[in-house]
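> Here's the feature list from TrEMBL:
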type: REGION; residues: 35-56; note: region 'Disordered'
type: COMPBIAS; residues: 44-56; note: compositional bias 'Basic and acidic residues'
type: DOMAIN; residues: 221-248; note: domain 'PLD phosphodiesterase'
type: DOMAIN; residues: 509-536; note: domain 'PLD phosphodiesterase'
Amino acid sequence: MLSDTVYELCHDEKTVTSELLQDPSQSPTKLFQKLYHDRKSKSHKSDSNESVDKDDHELRKVLQCGNWGSTQPSDLFLKIYHDALCALEKNPMSGVVSPPLMGSHGVVPLTIIAPLPDLCRHMANCIVRAEKEVFLATNFWIHSDASTLVTNAFRELSRRAGERGTKVIVKMVYDRGDPQQLFENHLPVPEKKYTSEKVQLPAAHEIPNIDLQVVNYHRPIFGTFHAKFMIIDRRIGLLQSSNVQDNDNLEMMIHVEGPIVDGLYDTALISWGRSLVPPLPMLDSPATGAPIPCHASQQPDYDAPDPGPLPELTVDEHHYDPDIRAEAQRMNGLLLPREGETRTQAVTRRLNTTIQTDMSADAPESDQELIMQPYVVLPPHDPFPMAVINREPWGAPNHSSIHTPQNSSFLAAINNAQESIFIQTPNMNAEPIVQALIEAVKTRDVTVTCYLCLGYNDAGELLPFQNGTNEMVAHRMYKALDTDEQRFRLRIFNYVAKDQVRPIHNKFKRRSCHIKLMIVDEKVAIQGNGNLDTQSFYHSQEVNLLLDSPFVCRAWREAIDRNQNTAYYGGVSPEDGCWHDPTTNDLPVGSIGVDPGHFSWARGAVGAVQRVRGAGGF
């Protein structure tokens, strides 16, 4: 049951954001502790990972714990949200957001499913359109073409602000691991460091009309700041799977607007952790009650003539767009074949980013009947229920940090599914997740579909207590099922890119996928930063949204399969959980199969080093 303590927390008038408005010089971290550290439930009657049928009275109580506006949350959404709230009983700070701001509503005008640089292009467009403030959070930032798209946007924003005679506040958080974080988790980064060779953010003299501050945040040992999001003018939130670096990943970003942005904003302030000097100018201007930008702005007519291919926004050519539709028109147009180019070759041109420019395609032209569409612009729609479901960072080398809104939501979504569960994630080895999925197949006849990346940070997943690689987990899941019918309902795939006919091991850095998405019964989704691996489940700070919209879920599911060939070619064998060549029956090149051997710990050590270097599976 939802405790009275949590119910009261959700109805409190005070939040970190509201208290900082009264005195911006306060530390958000200390303020968060002051508000919630001692407000734990004394009963602990319910467990956040238990997902029993909730009676009508209990669901009505949960319904009162959110700002839903005129929307009506579904029972499935409320059951998941119930367990997310119950996680706060033991630790109200585990959600890295003030409880009154967890449940809300909003819209998703844009979804991007594309190579990483295309997500940075939308970040760049949002940055240059900012009026007063930008908050950017990422796990890993390294100087690259991807980062240059963002830093060029900061320079353009400064120029535009100068023309307006204004100054824009920009705050940025990343995780670059520093021994000093044993004593202070939130380290201010001086200009000398953030302009260094590996980071190359703009120096103050390059952006005279921007006040830029940077914080390096990590909670030793394993409490990684894995969050990846951006908030613009407290009106737009971007939530993504990608870091800011050059790699071969297919990624996912959603652009949200409406009152839900206030919850993300509160998370941003808590993550910043230091005094707001200078203060953020939108502290006194919540998204709640304000016009939703995509509803208020004048968008081009649906029937406007196609202007033809438009030049690409690159590190050298700065083609910024005035709105989402113009961006989508530019980006989706780049998938049209150029003169002498096949449709498959056009896809390869887009998927070949800076690190794998020589990759060739082997998919037939028939696979391109549905042309890849990286920018998915949804028609105007009414706001629908959403919730911020995060997890706090946990540095200790143990698995005791279980009860968090993220973990409870993942498990509740699985445990309350009646028909189907769809998952796409780089790694999936968190034991509670694996067991819940097996039970869903065995006891409730749920169809479980998992798109996993072949070999994503295999070495790191072989470390002790990480629970193994995707191939090892898939093998174990199939072996746990009793009948062919059950095995038919468990459908595990390895990611296959839109221009390929086979999965390519991540070690080759040619075609990988880093999307984090769960869709349950085609009605409710969880999207954000959290993988379904041991690190994300027990240690890293993650930011995710729970969304209640069959309309959006259908659009996402369609876009996922439109922009990759996983469903056509990626199916693994129920016999061993591994992908096999349909002609030779061989494992993919680089695969270690289900038995990594006696020295897997040594490979794990290599993976740990790669993670520190940013080359591993973040």
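Positions of Cβ are set from backbone N, Cα and C atoms, glycine also.
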> May I ask for the residues of the chain that lie six or more residues beyond the domain 'PLD phosphodiesterase' (221-248) and have a Cβ under 8 Å from a Cβ within it?
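Cβ under 8 Å, 6 or more out: 112, 115-117, 119-120, 122-123, 126-127, 129-142, 144-147, 150, 173-175, 185, 254-257, 260-262, 264-265, 267-268, 271, 280, 282, 285-287, 290, 293, 351, 353-356, 390, 393-397, 509-512, 514-516, 527-530, 535-536, 539-545, 614, 618.
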> Report the mean pLDDT of the predicted model across the domain 'PLD phosphodiesterase' (221-248), rounded to a whole number.
98
> Run through the domain 'PLD phosphodiesterase' (509-536) and tell me, per DSSP, how many residues are helix, strand and coil.
3 helix, 12 strand, 13 coil
